[in-house]
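Below: one structure, written as structure tokens.
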Amino acid sequence: MIMVRRRQRPAKEAASSSSGGASSGSGIPVDQALPLNVAGNLLEDQYFASPKRKDCRLMKVTQNGQLPEATMMAHNKDNKAGRTIGVPLATRSQTRTIENFFKANAAAKDSQKTIHTEEQLNLGNQELKLDDEELNGQIKLDDEVLKLADKQINENLPFADEVDAKAEQKLMDEELQQVVEELLFDGSSRASSNSPFYQHDMDVMQEIQQTPEIPHIKKVTEPLEGLGSLADFQTHRSALRDSHSSTHSSSTDNIFLQEPVLTLDIDRTPTKASSIKINRSFELAGAVFSSPPSVLNACLNGRFNQIVSLNGQKEALDLPHFDLDQHDSSSCDSGVACGLTANTESPAGQPRRRKPATPHRILCPSPIKTALKVTGGICKVGSADPLSPRKSPRKLPTTTAAVAACKSRRRLNQPKPQAPYQPQLQKPPSQQQQQQQDDIVVVLDDDDDEGDDEDDVRALIKAAEERENQNKAPATANSNKAGMKTMLKPAPVKSKTKSKGPTKGQPPLPLAATNGNREMTDFFPVRRSVRKTKTAVKEEWMRGLEQAVLEERCDGLQVRHFMGKGRGVVADRPFKRNEFVVEYVGDLISIGEAAEREKRYALDENAGCYMYYFKHKSQQYCIDATVDTGKLGRLINHSRAGNLMTKVVLIKQRPHLVLLAKDDIEPGEELTYDYGDRSKESLLHHPWLAF
């Protein structure tokens, strides 16, 4: 055994020397009392030994009691002459190595002693078996042979004890040498394979693995029980001492004392500096707008970053001027895209109209009627104004007067027939006003025929004659205005309401009579919508169902006989989905009366199932069609995957059950619907309800 022992104090010299002498005189016999006493003294000395004391030495148990007093006093005086543990100031990690070593050695020696004792027991058992065989073979042997065999067995036991004592002494010497080498080498680390501690652990593991399995143990002697309790006591005291120590883990268990195993490889190479370029001008690179930019973008020009071309070239784009139309014809729903698209010049230099903003086109009245009203309504002769009552703004180009003059126009001045247009006023107006009122210009397109020109002249003459007849009446101050209105709006106003276009045998109205405007319906017919709302379609469908019920309609049906079912109904013509097929006709009764009829029908085995229960407006009803009335609705069979469905139709405050096509039905297909009865009693009497 090896222990760490503090040098004995003078007060305890007698006790320690007497105990040491007793132990040395008698040697170390293997019995029950001696190991326990030695272990107790050893653990007690270890518990009170300080790891940082310089007077701690390594010694054997047998040498502890044999030290003379002079030697002990010399060691007390000269501490430096002795052999210290490791370094002058031993740390906790170094002393823990010794403690762990003691634990491992104690466990190894216990296992070795157990192995030796078990081997001896096995040897004795084998000899006993041989003796038993000899006794069985030689029944007539005397009792003296048995005594000799027992004597031989008893002689083997002291011999085994002596062998154990020598082996133990040899192990103690080897362990002492290993501990000294460990302390000099600082072999507390198990990381290196050259460490003595590592090699000792490997040897112990190999010895444990090489131990043979013991087949059977009959007895456990008292010394083995003492050694087992010794190991338990040593482990308990060592754990108790560790619980009171300052540190609870060795350097290898403490994560803060371990070497780092993870390293972070961070790329610290400098990156290229990114640059941001701010443009102070509104620049576009070949952008094509489907609509002109808003005014807000023009106001924010030069304040925010805009689109920059990829090649880095900056080309300023001059934004064109857009005229905002304020009249009604520029609405988005009107189909006119003048206010929503940009006019891009074509290669020929002529303006090209783009696709309207909305996919549909709604016909609106002529813009001349919605524009601002002009006082005279007619143009002066020889004026350079490109607009005229005949031309609307959407037909005129928006460039210059030279472009407008490209279109040939023919102006007809009729000064002679215009004389009767002026009424006789009480006070003659001035010459300038009279000249403005006398000048009436009628503008016609080149595509008008020569016959239209003659009709216009005749219309002017006729209007002049009517004007003369009106002037015969007493003229007043307001007659001039009324006359001008009647001249500008004659009888064609009535023709608008009478007919949409020219009737047969009646010539078209002259342009002068309508102030140079034609009706929109002369060129485009009025589009009438034939679409219906969902509510209107449903109402029409319900009216059709009511009409079919009132007519008791049952066409397209045929009665056939089916094997295992009886009679059934087959479609004789195709039926569309949700189309009326037939009505389930019977007696409409209450629930109470239906219960009484069921009891009465239960007595008749031949009575079928013809009672249909349904709910309408939170009230239960029943239609009893048990009585054969010749209606086909009662003959339609059951199927959980039927092609008909029921619907309640209310006619004159009375609910009716009608059968509608659930899907498209082809001719020759059997008509079925789901009865909906899933009760156990019904399935017991009518199993076909499950299919």
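A Cβ is built for glycine as well, from the same backbone N, Cα and C atoms used for every other residue.
Residues T91, T252, T535, T629 are shown; Swiss-Prot lists phosphothreonine for one of them, T252. Residue-level annotations in Swiss-Prot identify, among T221, T344, T476, T344 as phosphothreonine.
When S229, S281, S294 are looked up in Swiss-Prot, the one carrying the note phosphoserine is S281; the rest have no such note there, which does not rule it out for them. Proximity of H638 (S-adenosyl-L-methionine binding site) to non-local residues of its own chain (separation of 6 or more, Cβ distance below 8 Å) is seen for T672, Y673, D674, Y675, W688, L689, given in sequence order. Neighbour density for Y610 (S-adenosyl-L-methionine binding site): within 10 A of its CB lie 17 other CB atoms from the protein chains shown. Largest Cα-to-Cα span within the S-adenosyl-L-methionine-binding set K565, G566, R567, Y610, N637, H638: 14 Å. Every protein chain shown contributes to the tally, and the Cβ of G566 (S-adenosyl-L-methionine binding site) ends up with 10 other Cβ atoms within 10 Å.
Taking the centre of the Cβ atoms of K565, G566, R567, Y610, N637, H638 as the S-adenosyl-L-methionine site, the nearby residues of that chain (Cβ within 8 Å, site residues left out) are F562, G568, G608, L635, I636. The 10 Å shell around the Cβ of K565 (S-adenosyl-L-methionine binding site) contains 13 further Cβ atoms across the protein chains shown.
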